[in-house]
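Notes for the one structure printed next.
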Amino acid sequence: MKYRGVTGRIADGINAVALLLIAFSMLFPFFYIFAVSFSSLEDVIRSDLLLWPTEWVTDAYEYVLNSDQFVRSFFVTVYVTVVGTFVNILFTATMAYGLSRPVPGRRIILFMVVFTLLFQAGMIPTYMVVKETGLIDTLWSLILPVAINPFNLIVMRQFFLNIPEELHEAAIIDGANHLQIFSRIILPLSKPALAAFSLFYAVTHWNNYFSAILYINDPAKWPLQVVLRQIVIVNEPDAALRGAQRMMENPPPPETVQMAAILLTTLPILFVYPFLQKYFVKGVMLGSVKE
Amino acid sequence: MEPKPVTGRLVRFSVRMKRRTQRIRRPPHDRYLYLLILPGLLYFLLYKYLPMLGLVMSFQDYSPFLGFWDSPWVGWKHFRTMFAEPEALRVILNTLEISFLQILFAFPLPIILAIMINEVRLTLYKRLIQSLVYLPHFLSWVVVVGIFVVFLKSDGIVNNLLKMASIQPIPFLTSPEWFKPLIVFQVIWKESGWGTILILAALAGVNPQLYEAAVMDGANRWQQIWHITLPAIRSTIVILLILRLGSVMDTGFEQIFLMLNPFTMEVGNVLDTYVYFKGIQQGDISFATAVGMFKGVVGLILVVIANRLARKYGEGGIY
C-alpha cells in the first residue's frame, strides 16, 4: 500500500485528469475528421468549428469511392500488404529458425544481421540495386527490398531459442529432419508469435510511403499512401481522384473529401488495432531480453 | 605384447561407440538448416551488403552510361564539396538541430508519461489510457502529417479558433520558424505513448516492498518517485538514450519529406531528404551517395562510442 494522505488523493486526481486530456488529444482528431467527412456543403460553409453535422451526408465517401485511382490504389495496397506480409514471414521465420540451431557459421551470419542495424549503405546504393534487379515500377519493389526486418528476425530467433530442446531431441530420435521439425513442430507451436509478427509487418506495408515514391513512377501502381498525400497534404483532391468528377453533378466540398480519404485509409489500421494491442507488449518485451 | 591388441580393440570399440552416440546427439541433415537460412541470407547479401559495395560510387563520378567499372575515379572530391557547399552544411546543421530538439523535448516525455500511468491505481482506467496512447504509433506519417495539415491550414480549425479569439491567424505550415517545433510536436504526439511500453515494463518489475518500506520511513509520493521509481528505470533510460544518440543523424525521411514545402526548405531540409533531392530527383548519384555514406559512418561511430560510454558507467551496453 502506498502512502495516501489528502495531498496524495489530490495528486491522484490531477494525474488522472491530465492523463484523460492526453488520451483525448489522441482521439479528438478522429472525432473531428469523422464529423467533417459526413458534413454537407452548408455545414462546411456556415460553421468555423464543425463538431457535429446538422445533416449527415455520404457524398464525400461516394466521391472518393467513385475515383478509379483511389479504388485501384486501395487494391494495390491490399495486394502489397497480403503478399508482402507472406514473404516477410516466410523469409524471417525460416532464417530465424535456422539461426536458432547450432549450425557452423551461424555466429558470422548473426553478426551480419546485427551489423545492418548499426550501418546501412543508404538510399542511393539500395536504389541502384533495386534498379539493377529490375524491380523499378513493379510491386515487388515494395516487397523484396524490405523482405526481412533485422530486428524482427532477432526477436523471432529469440522466440525459437525458448522452445524446449527436448522437442527437437524427440523429433530427431523419431527420424525427423530439420525441414520436418520446422514445418510440423516449430511452426504450429509458434502460431501466436507468427500472428503477432504478421500484424506488425502488415501495418508497416499498409503505412509504407517511402518505398513507393522511390521505386514507383506509374500512377496505376501507386499505393494508397501516395494518393492520400496528394489529396490531403498537396491539397489537390480533384487531381488525385481522377474519374470521380464525372460520376457526380455536385461534387462535395474538398474538406469533406479529404477527411473521408483519411478515414478510409486509416480504417483497416483501426480495425486490426485491438488485435495488435493484444500482442505488441509481449513482442516488444521479447526483444528486450538479452541472450 | 598380449594386452596391446585388447587395449587396441577396446579403444576402437569405445571410439566406435562414441561416434555412434555423437551421431545420435548431433542433429542430422544440417544441409536442411542451411536451406532454411539460404533465402534470408540471400536477401541480406543482395539488398543490404551489395549496396555497401555500391558505396564506391561516392569516390567516382558515376555515370549510368559508363557503369560502375568505367566511371572515372575522383577520390574524396564529393566529400570535399560537401564541406564546402553552404547548402550541404545547412542540411547537416538542420539535421543536428532537429535531433537535438527531439532529444531535449520528445525523449523525456515517454518517461514522464510512463510514471504518470504507473501512478494510476485503478487497473481498468490504466488499461484504457494505455490503449488510447499507443494508437497514434500505428498511423502512417501521411495520415499524421495529413491530420496536422487539416488542423493547421489557413482555414483550418486552429486558425478558425484563433480568429474567434480575435488573434491574427498563423501560417503554421509555411512559416520557417514553425517548422521545427511542429516536427518535434508531431513526434511527441505519435510516439510518446508507444515509448512508455519498455519503461512501464521496467516499472512492473519493481518490488512493492520497497514502496512499503519507504512509506514506513515517512516518504511522500514525490520522494517515492524520486528514490524508488526513477532509480528502477535508470538503466532502461540510459540504454534508450544510447540508441537515440546513435541515430542522431536519422531524422526520419517520411515525416520531414511530407512536411517540407518551398517555404520551409531552408530550415527543414535534412540529410535524408537532401540525399533524395540530390540523388533521385537531380540525378547527382555520386554526390548523394557520398552524403548518405557520411551519414551512415557518423551514425556507426556514434553508436559505438555511446555503447562504450554505457559500459563504462556500468549499464551493460546494447550489444
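Cβ atoms here come from the backbone N, Cα and C positions, even for glycine.
Per TrEMBL, transmembrane segment is recorded for B:32-50, B:100-120, B:132-152, B:183-204, B:225-243, B:285-306. What TrEMBL records for B:92-306 is domain 'ABC transmembrane type-1'.
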Top Cβ-contact partner of the transmembrane segment (B:100-120) among B:32-50, B:132-152, B:183-204 (pairs under 8 Å)
B:183-204
Do any residues, 6 or more residues outside the transmembrane segment (B:32-50), come within under 8 Å Cβ-to-Cβ of it, and if so which ones?
none
Restricting to the same chain and to residues at least six past its boundaries, which positions have a Cβ under 8 Å from a Cβ of the transmembrane segment (B:132-152)?
113, 117, 158-159, 172-173, 182, 186, 189-194, 196-197, 252, 254-255, 258-259
